[in-house]
Amino acid sequence: MRNDFIYDVIIVGGGTTGLYASFYTRLRKMTTLLIEATAGFGGKVAQFYPEKHIYDVGAYPAATGEKMVAQLLEQSRKAEPETITGEFVEHVRKRSDGIFELVTTQGALYMTRTVILTCGMGTYQMKPLPLEEASLYEEKNLHYYLKSPENFLNQCVVVYAANRTGIDWAMALEKTAKEVTLLNHRDYFLYTPPQVIEALAETSIKVKYNHKVTKLLGNNQGLHTLLVEKDGMETMLETDALLYYENVNLTQTPFANWGIETDKHKVIVDYEMATNIPGIYAAGDAVHYPKKNMLIATGFAETITAVNSAKLYLDPSASAQVYSTIEYQKNRGG
């Protein structure tokens, strides 16, 4: 598939940084396409900690990851960029006329005058529960993400994990679920400081070490019972829902294949957020420069710089920056 329209900018990656970029490029009156490799927007925030509160972004005394992504989506949609999900950008090449061609794994081709990379280290996929029957329940009540604890109101929920993420999920669910059981196939939790274990002990969560889920039992409505093994003995555990976490698979963005200079797979940028290829910029977790801070708020600031740099690349006579109050007043005719 070929899209013959040439955009001012294509943004690769629809996490928090990419969503903000899709708004800010439209503020700079750039024709914009945002391409996200997964089925939804929000990146790591939506995938890994939608239920956690974020405290260090301006104007948000506290906001869950889910709320922050929802607000960014609202801000982006009001600016009306074009968006595509479920397409992983495989190739980026610059033609002799300066136009960039982006080709996705679906075979689609998109053209643009500039590119802004906001795709972090790549795309993360949760590792599925390694049981043959797991796929029968994945669209029902077997979950690999905790998106909203309220969805489990008054339910008996089992979390099956051997690391900090499982504890975080269980503690978030305790506030809404009727009962929470945390199963760990090890005798300890990976990557978990002692104070977190101490906090877990103060909750009502039933923690069971050295317990391995060996089979799922259910019907057309979903799973209802887990077969659990410990020390060669099997027991049955009834549940309304199962959440499973056992690390992730990372599909790295092939920056080096595109001719972009990297350091430990992060894009090297200068003070303009420019890469070594004129017309390609980057922001957020994807970038590397001295004293870089890996924060959501940092990504927003880098986005403004990257977008303004791209605007000046397209039109050297353009303003170096704009003020949203003035721009929106112009749009209202005031």
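Every residue gets a Cβ built from N, Cα and C, even glycine.
The transmembrane segment annotation in TrEMBL covers 6-24. The annotation domain 'FAD/NAD(P)-binding' is assigned in TrEMBL to 7-297. What TrEMBL records for THR17, GLU36, LYS44, TYR49, VAL89, ASP285 is FAD binding site.
A Cβ distance under 8 Å defines the sequence-distant neighbours of the transmembrane segment (6-24), meaning residues of its chain 6+ beyond its ends; these are 30-38, 41-46, 68-69, 72-73, 75-76, 78-79, 81-83, 85, 89, 92, 99-100, 102, 110-120, 253, 283-286, 296, 299-300, 302-304, 306-307, 310, 314. The DSSP secondary structure for TYR49 (FAD binding site) is coil. Applying an 8 A CB threshold to same-chain residues 6+ apart, the list for GLU36 (FAD binding site) reads GLY13, GLY14, GLY18, THR83, ILE84, THR85, GLY86, GLU87. Other Cβ atoms within 10 Å of the Cβ of LYS44 (FAD binding site) number 16 in total over all chains. Cβ-based neighbour count (10 Å, all protein chains) for THR17 (FAD binding site) stands at 31. Secondary structure from DSSP puts GLU36 (FAD binding site) in a beta strand.
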